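Record features, source TrEMBL:
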type	residues	note
BINDING	A:102, A:103, A:104, A:132, A:146, A:150, A:294, A:298, A:299	L-histidine binding site
DOMAIN	A:1-397	domain 'Aminoacyl-transfer RNA synthetases class-II family profile'
């Protein structure tokens, strides 16, 4: 008796219906990436562990899927090494390759290896799966796609402006109402600097984030509990209560951060981005949000995050600027800025809001029923005619009961069925059934082509 | 000093230019798959080793990339087990997952796991990478894409007919002249049966294949050297010299194989497929070719293989019918028939024949040069207008020398550059440069839209 097959936990099969929806998302994102001049690359699923290790922190190193070397890797190990049962050490002997953990490190590796053939600024997009040996849970998978667009080799803030325009266009096309939240790492550094608490920026943003929920007094209490000095808390008050339009926020920050050179640079960068965006028409609101502290050890300038307005879910897109992307591979001074779209969360949002357009997927449009070999022989030229006109067409392969064939059309959501039985064969005609209205009528090939093209 | 990064041997990065060409191939194949009613699925890169092992022979098992388990897998091993240094045994303790080796076994696993939700006959296509720890060599990679379309749950020969029509349509669209060679496993079984040499069918087809090169006498000598009896060789003569039209070949086979029930069934199946195809217009020639012995242990009916006529290269597509696809996972009686397209070889053929259509890739169509911040501010609405019209448009992010920006446009093969300098800014106009002809002229936004849309 064969075993019941299964798939590794945290991984998924995608059915045709799911693939149609996923392709709709990927195609929308790709079209917008190209609309803004990004070009696609792909990198191998496997990277050398020397490329991956040490890039995602100790926790990340543990979450890498490692691939066993081929050949006899035991003979080179001493008895002591083997009996040490030291997983980390032994894995380094058994494995030299791992599955990619994100698209950013492979991209940095790509830029370094191909720098001689790249025209900078390099605008690349990449849509591929990544793998993480995380504990699977609702909405978190061990294999999932990332959709990244980055520009490297240009420090111009016009890149930030265009990336936000691009985010706006993706969600406009998908019909998802979003708020695009922006911040700047240098503003956060400035805040830490003026209150003399450079290490506490995460504690501070976490507390500020609770203002709406717990009120000012409680925020201040939390800051105090976390060990922030009274003096620093007093200085933070205008920042905690930062409100109003983006312009008002920027004015407040300018005066509060006046003594921090870095902070003022952050405010100016933010101002330039907001001002650049004011010259174009956007569908989404742009909010300066100081509680954005995404990838704090990583980003060096703008930080951006996208929240869906009509569904409770984490951020569905995000990104920012990171200086020195490629430094770890020996190429200094290359600045990058990019965004990433969370396809799985976007999928959930579109499902919850039922936002998939009708006809998503480009499935079969016409099914020719099969009522016998003579009938099929007469059908084949008509099917070829439809296909030549670009209409997705099937001929049911077996001479099964018509009811079964109709059921097949229903399951695949095929809108038209063409029936040629002995009557039609004798009369040299075909019967067209509209599966939505249930209407039937006799048609010639030209009428058929006309009816199914509409 | 950081290490120079590299990628695992046998894997590849794909640059934007390569991705455009690859996408052209994949999109062409996908469009045709859908034209014939196939629906896409995807399966995880990782499968359980219990799903993969034993499906590809002993050699295949060795070529699986195995993924190291997470956690402490050493503590459960005895000292003796560890010191045995027995790779195969220990790998089974260290690893329970592997990378997929092809798309067929995952598909069979998918059909079994999802049989309750599938509408049979199930026409699925799947385009994903597979991994094999083969020795890399020219044209053979450790990571490569397969493009498969299969129908399961229908024994009708109409599937064979439609698959060949589909192959024909793919290569017609790609502009590659091909010969589609067909054979039938049952014909080969019949030949072996009538000459009483059931085990020698590979030796026989290899020898027959040399007829054009070495002549009949040498073919017969080779058969004799391989230990085929004189009597059997005598009976093989009409088969070795099988020539002429498909109909003539079928007539000869009918008389030679008259005493083999299986053989006659194969001839009839082949005849039905050829006759079905004669009712439709094909671009390619269809040749019955008894030397096709592809996947002999695997296929049970039709075998098909595609040869490019204008390039010396192995087969660029192939497939056939296999009964009992899912039996190994406990689901009996499911027959399948399918084809697979070799994207890497098709890529090589299109490159050698220079068959990529102009404009493959959907790259950037218009670059706005950046000659200063005021100039850029005036450009942004025009860029937005072009993008709203669906035209892939870039604004150069940095105020670099115009020559550098023109070089960027050249490298990315951008056909139009729009220049707004101080003169244009004062005059409220733009200069459009056609990068192919070198012509320049002043344009309004409407004229620009018109010019770049053509």
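The chain as shown is numbered from 1 upward.
Cβ coordinates are placed from backbone N, Cα and C, and glycine is handled just like the others.
Everything TrEMBL records as a feature, shown here on the structure.
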{"residue": "A:102", "record": "L-histidine binding site", "Cβ contacts under 8 Å, 6 or more apart": "A:56, A:130, A:146"}
{"residue": "A:104", "record": "L-histidine binding site", "Cβ contacts under 8 Å, 6 or more apart": "A:148, A:150, A:325, A:338"}
{"residue": "A:299", "record": "L-histidine binding site", "Cβ contacts under 8 Å, 6 or more apart": "A:185, A:320, A:321, A:322"}
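Under the three-state DSSP scheme, residue A:146 (L-histidine binding site) falls in the strand class. DSSP assigns residue A:299 (L-histidine binding site) to coil, not to a helix or a strand. Its own atom aside, the Cβ of residue A:146 (L-histidine binding site) has 18 Cβ atoms within 10 angstroms in the protein chains shown.
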